[in-house]
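So that you can see what the record holds, here are the features copied from Swiss-Prot:
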ACT_SITE  Glu323  active site, proton acceptor
ACT_SITE  His324  active site, proton acceptor
BINDING   Tyr127, Gln187, Asn210  NAD(+) binding site
BINDING   Ser233, Gln255, His258, His324, Asp357, Glu411, His416  substrate binding site
BINDING   Gln255, His258, Asp357, His416  Zn(2+) binding site
Amino acid sequence: MKRLTGTNEKISNILYQEQLELSKENLDVEATVREIIEKVKEEGDEALRAYSEKFDHVVLSELHVSDQVVNEAFDKIDKDVLTALENAKANIESYHKQQLKGGFEDQPSQGVLRGQLIRPIERVGVYVPGGTAAYPSSVLMNVIPAKIAGVKEIIMITPPQEHFVPAILVAAKLAGVDKIYQVGGAQGIAALAYGTQTLPKVDKITGPGNIFVATAKKLVYGVVGIDMIAGPSEIGVIADSTANPVYVAADLLSQAEHDVHARAILVTNSAELADAVELEIEKQLQTLPRQAIARPSIENNGRIIIAQDVESMFELMNLVAPEHLEIAIDKAYDYLERVQNAGSIFLGHYTSEPIGDYYAGANHVLPTTATSRFSSALGVHDFVKRIQYTQYSKAAVNAAEKDITTLAYAEGLQAHARAIEVRNDKN
């Protein structure tokens, strides 16, 4: 891991530029994705079948995954995995149900009524990667908040495979997916955004994917809503001398194994801990099955910063605004209020980040690349709309006429003013 020195502002700028470099867009990819989107818009199902044969090497006779195939997955899944998914589902549901919020209504003055309605999005599409990147936990994290929000129809797409990963189909059934289609890549995102003869057009698309999927989501944004454009996974760990280097090293590697572009950042006020963590990382890498991914990730993108004190550690990490933030300090909860920017926080020596990935209930779809400065984890709020309503009586309009027309004339919008004036007592 590379060590950085300097002021917090200087270090945070270096880290941000490095992260942008890891997340930068590929213009060749964008050109390819634009072509795919246009083809799907023009040819619909025919284009989906052609791209499935080209990219996935699968000849599709049927795009829809039947209920029979889904139900058979329950016979094939490992029973311990099924139990774990059921328990994780319960935790995710109990957490996200607390995010439900109702509308409001008030009467600030005589004859004036104001309010806000909360309405679920009608139809949502969830993208689920296939192959070695098949993550049933992501199915739960994307679908359950939508279901709790009251989304009427949830469509899931996943790349076609000769044999589906049973846990993916089981997770979809447990979470409440209504229909599953075997289509992936940029072509799948295009199908969700514009609809085809078989796939219905959705109102919002969520879910992780490779650079082609992420680019497609970016290009269809505006036609549909999206959750976010996520960059490589990242973890920031604030640790002092009370931290266990074995735990810290394991947690840094838990993100490094995701992707060669993943980031792992340790900020500590203990040089001894920093040294011990580096030694422990090398030791743990020796037996890690995904060493081929984790080693280049940690060597190229891993960073250690020695801070002067606890205050400086939190100041720097707030500038970094990591996706995942672990606070490996005794009585970590006492430091919670010091955090201004983070996607999700993990408190104390025993709260490893994977607890949040799989089980605790808080969502694992999180803002990356310092976007936690202005955005949040996926939740129920992402699947609802807020609709305002207003009602004024004739007397209330007359009482407010002067202020409203004054503002309208000040902006040079005479028709706005007249729309109020025609309703006054003189008319």
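Our numbering is plain: 1 for the first residue shown, then up by one each step along the chain.
Every residue, even glycine, has its Cβ placed from backbone N, Cα and C.
For Glu411 (substrate binding site), the nearest neighbour among the listed recorded positions (Tyr127, Gln187, Asn210, Glu323, His324), judged by C-alpha distance, is Glu323. With respect to Cβ neighbours within 10 Å, the recorded positions His258, His324, His416 differ, and His416 shows the lowest count. Taken residue by residue with DSSP, Asn210 (NAD(+) binding site) is part of neither helix nor strand, so it is coil. Of the recorded residues, Gln255 (substrate binding site) and Glu323 (active site, proton acceptor) place their C-alpha atoms 11 Å from one another. His258 (substrate binding site) sits 14 Å from Glu323 (active site, proton acceptor), taking the CA atoms of both as reference points. Note: the Cα of His416 (substrate binding site) and the Cα of Tyr127 (NAD(+) binding site) are spaced 45 Å from each other.
The distance from the Cα of Asp357 (substrate binding site) to the Cα of Gln187 (NAD(+) binding site) comes to 28 Å. Neighbours of Gln255 (substrate binding site), defined as other CB atoms within 10 A of its CB across all chains, total 29. If you measure from the Cα atom of Gln187 (NAD(+) binding site) to that of Ser233 (substrate binding site), you get 24 Å. Remark: of the recorded positions Glu323, Asp357, Glu411, the most isolated position is Glu411 (fewest other Cβ atoms within 10 Å of its Cβ). Looking only at other Cβ atoms within 10 Å, the busiest spot among the binding-site residues Gln187, Asn210, Ser233 turns out to be Gln187. Note: the Cα of Glu323 (active site, proton acceptor) and the Cα of Ser233 (substrate binding site) are spaced 7 Å from each other. Tyr127 (NAD(+) binding site) is 22 Å away from His324 (active site, proton acceptor) when you measure Cα to Cα.
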